[in-house]
Amino acid sequence: MSTAEHRDLCFRQLCALVREAGVRPLSLMANDPAEYFAVMEAAGGVDISLGVKFGVQYSLWGGSIINLGTKKHRDKFFEGIDKLDYPGCFAMTELHHGSNVQALQTTATFDPVTDEFIINTPNDGAIKWWIGNAALHGKFATVFARLILPLQGKGGEPADMGIHAFIVPIRDLETHAVLPGIEINDCGHKIGLNGVDNGALRFRSVRIPRDNLLNRFGDVSRDGKYTSSLPTINKRFAATLGELVGGRVGIAYSSVGVLKVSVTIAVRYALLRQQFGPPKKPEISVLDYQSHQHKLMPMLASSYAFHFATLYLVDKYSEMKKTNDEDVMADVHVLSSGLKAYITSYTAKSISVCRESCGGHGYAAVNRFGALRNDHDIFQTFEGDNTVLLQQVAGDLLKQYQEKFKGGTFSATWNYLRDSMGTYLSQPNPVTSRWEGEDHLRDPNFQLDAFRYRTSRLLHSVAARLQKHSKTLGGFGAWNRCLNHLLTLAESHIESVILAKFIEAVKRCPDEKTRELLKLVCDLYALDRIWKDIGTYRNVDYVAPNKAKAIHKLADYLSYQVRLVAQELVDAFDLPDLIIRAPIGMQSEAYAQYTQHVGF
């Protein structure tokens, strides 16, 4: 399928979902985020490009109207966006600036004579770039620009009020012609995700009504006076970005869906494929080999762990939308940043492992790993580069760590860090560091303590290093000197949260047999992670040598135990054939479907 055909197909599928099936995504996002993200995951399961176009239209373009606008904007645009009569885009990223949103250069200058804003691209570096839905289908764009008020700065200079969002029509609603003053070009063929029409936008003195300013956090009156309930540019900027976390929530949730599809294909094929075996005996399934279990079973366990973690994230996001509680908003911001970064990075690596585990047949395009890998790859850098997002997590942890010294309290999500200066930073118990029994190693209290001990040690040590280096290098230099340490801290913390949510889900499970099975999967997730970072635990004598060996041995045994129920575990994802599609990933007659596909 050509890029043009893929883009046309994705838009027709989106139209069918909305106009023929009667789904109202924007209404769901506003009233039932959990159902909205489920629909988004399903769309992405069919085609990741379709899922991304869905997210651009509703999470980003629609979300900007709901979250950054006021009643007048919702009254005017909500129905048109919901029914796909107003296809739109989200024009934040520029050629020279992506992560550093505060440095965007596009300007929106108020003209008090005509009561309009003039949107302008001052140089090539300010061209809006990678804008989904812009190249072909978008009729509107939410444009992020610097709000400039003429003659209101010191000495009569223009006043820069910081980054704000503006609704800018980019194509005629009837003819679809590009409007005057706007130049749109296609960003071209990409590594993947070619069903999404990414475009570049340049604005040449494009005039929009003053009412097109999304004015929830800042407004301009008819006489050009600026008002805001928030006192500083930084607070307004933080509030603006804080309302856009729905995009990151959706990406984390959808990435888990991609992981489930990849693992399902790989596990089903590993159960089907037979290779070698004892002399004069039938060949055995490749999943019976310990090396194959080592590749796939922890990945299967991670799929379950991430599933429960993202369900928790969606619940917190729903709570945030209902209550507007500032503490919940802060939690969701950091949690969505961390889970998006951690899960998408893990999934990207895992897709390649799944492909390799399927041998040559994994290389066939029809078996989907190439498309899944290439289409998902961008998840690591859009809606926030993963390295930048992990730094936000580390920064929040350090902020709360410092507040602890001042007698403050930790937010509910991170409350285990209240013990950072106590239990977890005391010398490891020489007795428990040697306990090797299976009951002890499979005790969720031991597993959580191990994860949290590591996080607390990392937090304490990086805080000391930053304090030391800041004296000679300054704040920025010290942060850069400790950057790898900070990223490790953030990942460790997110793993602690994921494990905690998995353990809670196991305890809540009402059926005893299902609970035992989930407990097995949870134990594998925990012990595999501890073993992968065993050097850290050995260096601080948290785990004695014999205990380390016992952890390794038990993790291997649990992988074998999970292998025995791997079929049931992937079937429980309940992914229909329409989603899986890969012949080698079908529940029955996989080889027959594969041979039919190539013409036999």
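Cβ atoms are placed via backbone N, Cα and C, with glycine included.
If you look up TrEMBL, you'll see Glu383 marked as active site, proton acceptor. Counting only residues at least six positions away in the same chain, the Cβ atoms of Gly247, Arg248, Ile251, Lys340 sit under 8 Å from the Cβ of Glu383 (active site, proton acceptor).
Among the features that TrEMBL reports, FAD binding site is placed at Thr93, Gly132. Taking a C-beta cut-off of under 8 angstroms and a sequence separation of 6 or more, Gly132 (FAD binding site) has the following same-chain neighbours: Val52, Lys53, Val56, Leu60, Cys89, Phe90, Val196, Asp197, Asn198.
Feature annotation from TrEMBL assigns domain 'Acyl-CoA oxidase/dehydrogenase middle' to 89-206.
Taken from TrEMBL, the feature domain 'Acyl-CoA oxidase C-alpha1' applies to 242-397.
Helix, strand and coil counts from DSSP across the domain 'Acyl-CoA oxidase C-terminal' (443-587) read 124 helix, 0 strand, 21 coil. Marked as domain 'Acyl-CoA oxidase C-terminal' by TrEMBL: 443-587.
Counting every protein chain shown, 20 other Cβ atoms lie within 10 Å of the Cβ of Thr93 (FAD binding site). Across the residues of the domain 'Acyl-CoA oxidase C-terminal' (443-587), the predicted structure has a mean pLDDT of 93. When the domain 'Acyl-CoA oxidase/dehydrogenase middle' (89-206) is classified with DSSP, helix, strand and coil residues number 9 helix, 52 strand, 57 coil.
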